Amino acid sequence: MLHIDKSELQNHPTPFYAYDLQLLRETLLSAANEAQKYGYHVHYALKANTNSPVLKEVLNVGFGADCVSGNEVKKALESGFPAGKVVFAGVGKSDAEINFGLENDIFCFNTESVHELEVLNELAGQKGKTARIALRINPNVNAKTHHYITTGLEENKFGINFWELPQLLDYLPELENLHLVGLHFHIGSQITDLSVFKALCLRVNEIQSWFLSRNVVVEHLNLGGGLGVNYHEPDTDAIPDFATYFGIFKEFLKPEPGQQVHFELGRALVAQCGTLVSRVLYIKKGIKTNFIILDAGMTELMRPALYQAYHKIENLSSQAHELRYDVVGPICESSDCFGKAVMLPETNRGDLLAIRTAGAYGEVMSSGYNLREKAPAFYFGRR
Ligand code: LLP
């Protein structure tokens, strides 16, 4: 929220999402510049935030779109992403979703199982099309992040396991409506220990060598997303360190000559530009602590309830001495809590609170539980 004046937030009905488009542009530009240094291609992971003004900024820096549902593919195409820059991933693509991707000649299906390849082959055949595919391979690399957002271990449901590959390579020529163009890897999200990406590169190099030894060279390697953001310091660390991130791949990944390298970043691009703004309804005395009861809850931002995720909370109205509070929402669930034992200036009914770093996996994961209305979004720093 670096470029939003607190006074601009006062006159909107709460709760709402506030997006700082200026910060978003700066973040996207930084990512685009650092990726461009090495000729890397970035596909924005729509799942993090699908709001049209956000997508418009992403389009402006020339990124492609990484989609995980037919509706995300549709949204990407309607927003202006060229079909040739749309990838479609996901363990459970329905026939209708696959057909939609085929009809629109998207760049690539990131495929996650042998069974899916068979279905894709059949559906492409029915349309007289050849589907461009990447194999999502489970590299069995530990992302060292929350277990709910770890995806690259053999125990996870994602990707094709390495031990399935010999049989699959023998079988693939029979699936004559598929054209293998890439290898895809994504090991998890909110990765802050960057040595994990080095481990990923080394593993991908090994897997690539295995393919080369079988005379298979693909057009691109897709390393997925996962770069984490600083939820504790949203202002001083507003733009992730894309230079170091891409630098690790430059140093350790060994693509073949002419082979493209793709990424699918979501959170790192949009998390810091979004803030959930909520008003204090009540202050309630507890046994050990006081409760701040907000008009926003887990229905607007599910991450704390779902992953015990930390989001920095700020009181935008009060500068009084600090007290200890549990900050909770109005939903009928004990997990509807944004933070326990949070130190905040003495807070009163009517104060505005900001829940920071909510631009990624915030609004998109909101729900209508308790028949709650969808919170609106407001945009600041439009051009
Ligand atoms: N590519 C694939 C195949 C993915 O599954 C994901 C995220 C991404 C790219 C983008 O990852 P990112 O750069 O955003 O880390 N709801 C959770 C995060 C789930 C991430 C799912 N996959 C959260 O709120 O933390």
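Cβ from N, Cα, C; glycine included.
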Report task. Kindly point out which candidate in Gly226, Gly297, Gly329, Gly339 is recorded by TrEMBL as part of the pyridoxal 5'-phosphate site with Glu264, Leu265, Gly266, Arg267, Tyr361. Result -> Gly226
**Report entry** Sparsest-packed among the binding-site residues, when each Cβ's other Cβ atoms within 10 Å are tallied, from Glu264, Arg267, Arg303, Tyr307
**Finding:** Tyr307
Requested in this report: With the Cβ under 6 Å from ligand 1 as the test, give me the qualifying entries from the binding-site residues Gly266, Glu333, Tyr361.
Outcome: Gly266, Tyr361
**Report entry** Integer mean pLDDT for the domain 'Orn/DAP/Arg decarboxylase 2 N-terminal' (39-271)
**Finding:** 95
Query raised in the report: Which state, by DSSP, holds Lys47 (N6-(pyridoxal phosphate)lysine): helix, strand or coil?
Result: helix
